[in-house]
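Residues or ranges marked as glutathione binding site by Swiss-Prot: Ser16, Pro17, Tyr18, Asn53, Leu183, Ser200, Asp201. The N6-succinyllysine feature in Swiss-Prot is assigned to Lys36, Lys49, Lys68, Lys74, Lys116, Lys144, Lys167, Lys193 (among others); the stated evidence is similarity to another entry. Swiss-Prot lists Lys68, Lys85, Lys158, Lys177 (among others) with the feature N6-acetyllysine, giving similarity to another entry as the kind of evidence.
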Amino acid sequence: MGPAPRVLELFYDVLSPYSWLGFEVLCRYQHLWNIKLKLRPALLAGIMKDSGNQPPAMVPHKGQYILKEIPLLKQLFQVPMSVPKDFFGEHVKKGTVNAMRFLTAVSMEQPEMLEKVSRELWMRIWSRDEDITESQNILSAAEKAGMATAQAQHLLNKISTELVKSKLRETTGAACKYGAFGLPTTVAHVDGKTYMLFGSDRMELLAYLLGEKWMGPVPPTLNARL
């Protein structure tokens, strides 16, 4: 038997486009590196409040930079993202509380669907400029991910329960305890040590810490399979 897989925790919120990039890279490398990836839906607003930080898009110059950067990142990471037309009005102001509670419920009851449902919620915001705050739209994302309608409705009914609310607060709090000040935050547990890395552009450093090979955001072996 080889060495046990290193555990990586990925804290993310579907409001964050950079979380999507980090998510896709780690989902690709989980099949190439000796790692166990734990997806941990968290609430960006809670992390910002705890750390005293604010989202990059809320800083005017950073917001303008993001508009120019995302089309380039789309090509580099091969993730079908584009900036929503009214991101601040439609998505930032409405927030993602219900969507993240839904993902929390998925993680608790049907964790094998968490990757696919998370991806579909990102696709709605960051690829098709669609809403994820209304119940029917959350259901649509779950169904598109392959979840049965009855199960999706069951999980949607759970988002108002204290159990799910508490779990999301707990996960967000765990990220804060690690020192998170934004998302995505990746926590690597390596040889008894814990490393907290921020952003989707720390993957080469992560590979170094893991003793693994970094082959870019779209590894050649993945291209060969595709």
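A Cβ is built for glycine as well, from the same backbone N, Cα and C atoms used for every other residue.
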Task: Maximal Cα-Cα distance (Å) across residues annotated as binding glutathione, namely Ser16, Pro17, Tyr18, Asn53, Leu183, Ser200, Asp201 - done: 19
- [ ] Tally every other Cβ atom lying within 10 Å of the Cβ atom of Lys85 (N6-acetyllysine).
- [x] 8
TODO: Tally every other Cβ atom lying within 10 Å of the Cβ atom of Lys158 (N6-acetyllysine).
DONE: 19
Task: Number of other Cβ atoms within 10 Å of the Cβ of Lys193 (N6-succinyllysine) across all protein chains - done: 8
- [ ] For Lys68 (N6-succinyllysine) and Lys85 (N6-acetyllysine), determine the Cα separation and express it in whole Å.
- [x] 14
Open item on the list: Please list, in sequence order, the residues in the chain of Ser16 (glutathione binding site) that are at least six apart in sequence and whose C-beta is under 8 Å away from its C-beta.
Closed with: Leu44, Pro55, Gly182, Leu183, Pro184
